[in-house]
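According to Swiss-Prot, the protein has these features:
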type	residues	note
BINDING	His604, His608, Cys708, His712	Zn(2+) binding site
Amino acid sequence: MKASEEEYKLNFFIKNDFKRKICKSCQTPFWTKDDKKEYCSDIPCTDYYFFDINIKSQPLTVKEAREKFLSFFEKRGHTRIPPKPVLARWREDLYLTIASIVDFQPHVTSGLVPPPANPLVVSQPSIRLEDIDNVGVTFGRHLTTFEMAAHHAFNYPDRYVYWKDETTAYATEFFTKELGIPEEELNFKESWWEGGGNAGPCLEVTVGGLELATLVFMQYKITDNGDYIPLKLKIVDTGYGVERIAWVTQKTPSAFHAIYGNLVYKFFDKIGVAYIDETLLKVASRFAGKIDPDNPDTIKIHRQMVSKELGIDIKNVEEELDRAAKVFQILDHTKTIMLMLADGLVPSNSGEGYLGRLVIRRALKVLRLLKSDVRLYELVKEQIGFWKEDFPQVLKNKDYILDAVELEQQRFEKILEKVPSIASTLARKSEITTEDLIQVYDSNGVPPDLLEEELKKKRVKFELPRNFYALVAKRHQTSTIKNVYDKVKLPKDLLEYITTLQPTEKLYYKDQYMRSFEGKVLGIYKNYLILDKTTFYPEGGGQLGDTGLIIDEKSSKRYEVVDTQKVNDVIIHVLKEEPSTIKVGDNVRGEINWERRYRLMRHHTVTHVILAAAKKVLGDHIWQAGAEKTPEKGRLDITHHKALTEEEVKLIENYANSVISDRRPVKPLEMNRMEAEMKYGVSIYEGGVPNSATIRLLEIKDWDIESCGGTHVSNTSEIGAVKIINVERIQDGIIRLEYVAGPALVDYIRETEAKIAEASKIIGTSPDQLPSRLRRILNEVEKKNNLIIQYRRIVETELLNSLKPYEINGNKIYIIEGLNDEEENKEILRKLTSTDNTIAISISDNRLQIATSKNMRVDKIVEELLKGGGKGGGKGTFANVILSSKKSKEEIIDIVRKSL
């Protein structure tokens, strides 16, 4: 959609003598006070010329630029609110915070809940990876991490705050009065914005070739069929670039110098590369507006311009700028890594962790291309020292950040050992596509840049896309939200049936200890029963649905409830049989299986206790990745970058049991979701993100508070005690804890005692003597194993001395029969095939082990053997085969002859 000219013809522009002009280069309309201006002052229509503008403001650091912006709007009636983390954990569809408006999506922007203040101002650290390949090349125009300073106003039908004129007036006042930019240098370029299903006209504020802010007026919803429907809630969504404000006031040769100051020179030094010539950098930066990274020709033209301007050889220009761009990339990436990890990201192969690992590996790749020996964590440590006052969480989580980065580098170095074999596999392809390179990166973690050298050795050419990492990030930057109907295990026709039914009153929230109730039947569909109210808890939040009885008191018929489910606000009782004596409108009595429910309540409550204990022991990066509560045990999956030690597990267990012994009150609360977020932070969403204006929180006094819709005990003492019974790494970056509490702990102890008694009986000892008896048995086994090794050596020597090879076409064929020791077989076959042109086969009934020397291929022999039936296969020089029928030694030799 293109907005009409009237959308931009603001009273503010008319009253303040702004003129509407059309840019001679891009043909875009813009507003300016300069009658003579012909260009929109945005790149690539002009070079960067803000260096030449007389700006009255003193040079501002990022910190000073941020504070100047926030204070300016605070003085003008805006409430300053704290930024959210760079991980968008209040969203189920997005991993990273890409803009300040994300802080308020989807619930504030949809009108479901009010904003925390109106109007408000915030400076939101943001991360966008779609430009990751362009970082450094454009001297700071593209960054992966930046601060979006923003003032927002939410205009409701019954409450107008401010709109286009006031927003434009604020921008003009801030840039001209606060920063001292001459009015005639300020330009408002007409544009259109769309994102997140919303749209509206916008104005891009440009000064001297640099876009400093975007003023978006969100006023349309985009329907599925592409129509634009006016929104009732009209939102002022602005974005001012804090780093660009610092750059325009400092007039440094690159944005990196404005952002990082002396850290730029320190990074060149630590990485071990020469600093770029200052004059070259200044000239290159001035012409950098001409660079369109998606068009490699513009990079070439830019370097030719620099070469011509300075009279320097083009090769020298390219080498200097390439080297500087790589150091700038590492500056940018290490800050992004620091912020991601400080806010709790754990590098992994999926979700947000994948994106974190992508940035880390790209930084490692660049260091490798620069042939630098510096450890990445040393550079991240420098960033922590530089930003610790701006972002206190980076200092608080310093140990985790550095440990995780070093571990990732060690893993990356192991991955690089695979480069030759991966290159060999790729070299067999007739053409290497972008999809092949992405597949290799996704599967093996090997950057294509580092495959290039190996492939060149094999004289294989391939086209490496400039935006490779952006393409990879795009595939992983969002998460698919499941439809509510896809999450439940109920028939579709039932889901249609319940759409007409009223919400079920949740008695389990009024009294979690209620065991029975009376309710009215609202719907019956086969063996599914819906009541007006219930104390049966439906499956959710990892807690199993309740079971119990529905009693028809008219007929005294009792129906077993085998499960309870929920769709939206309707609770469905799943019966073992169809309720033949019950009809809609009847009153029935429900009784839950209380012993089962109480076990679930204990396991659900102790899950919260253990999660908080894990955070205390391991760090703030711990995040719930999944949970399940059954009557028998609880299960909690947490994000963590390495295996837990025995000591860490004990500490978690000790903290949890201490909280149980403390008899801490456990209290459910209901709060406005935005109020809850502002008070407790987004960590309340560890168990999932509810879609409601009011959310239910569970507070364990002075220990934990989290959004949770489950059932819990009212005091930690009711849990009794907890024991962690299993810890395992279930996938990259995820650790699973399993535990038992209350009666389930007693069951576990009894089962363990029974196993110990059985083991003692088997080896003929008592439980208290079991450890010493086992030690004696192991010593005896070890002695016998040593004897077996000696006997194997004797057998091996005898066989090797006695075996005579068959000669076929200059090849030696050895046949071993009747040796059933598989390990010994492998060792003998290996020794026999240590010289070229040798095949060794061990036969045991219809099972064959085959080995060849390195200059031969085992697969041809296997192929010939399997022609007569059977199965098997191998790799390289070794194979296992099971023939469909036993063959004589002579028959096998004959088959081998054919294969040769």
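Each position is counted from 1, following the chain as shown.
Cβ coordinates are placed from backbone N, Cα and C, and glycine is handled just like the others.
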What's the most sparsely packed of the binding-site residues His608, His712, counting other C-beta atoms within 10 A?
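Comparing Cβ neighbours within 10 Å for the binding-site residues His608, His712, His712 has the fewest.
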Neighbour count, 10 Å Cβ-Cβ cut-off, for His604 (Zn(2+) binding site): what number do you get?
25
Restricting to the same chain and to sequence separations of six or more, state which residues have a Cβ under 8 Å from that of Cys708 (Zn(2+) binding site).
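When sequence neighbours closer than 6 are ignored, Cys708 (Zn(2+) binding site) has Gly541, His604, His608, Gly687, Arg696, Leu697, Leu698 within Cβ distance under 8 Å.
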What is the set of residues, excluding His604, His608, Cys708, His712, whose C-beta falls within 8 angstroms of the centroid of the C-beta atoms at the Zn(2+) site?
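Neighbours within 8 Å of the Cβ centroid, excluding His604, His608, Cys708, His712: Gly541, Thr605, Thr607, Val666, Leu698, Glu706, Gly710, Thr711.
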Which three-state DSSP class does His604 (Zn(2+) binding site) fall into?
helix
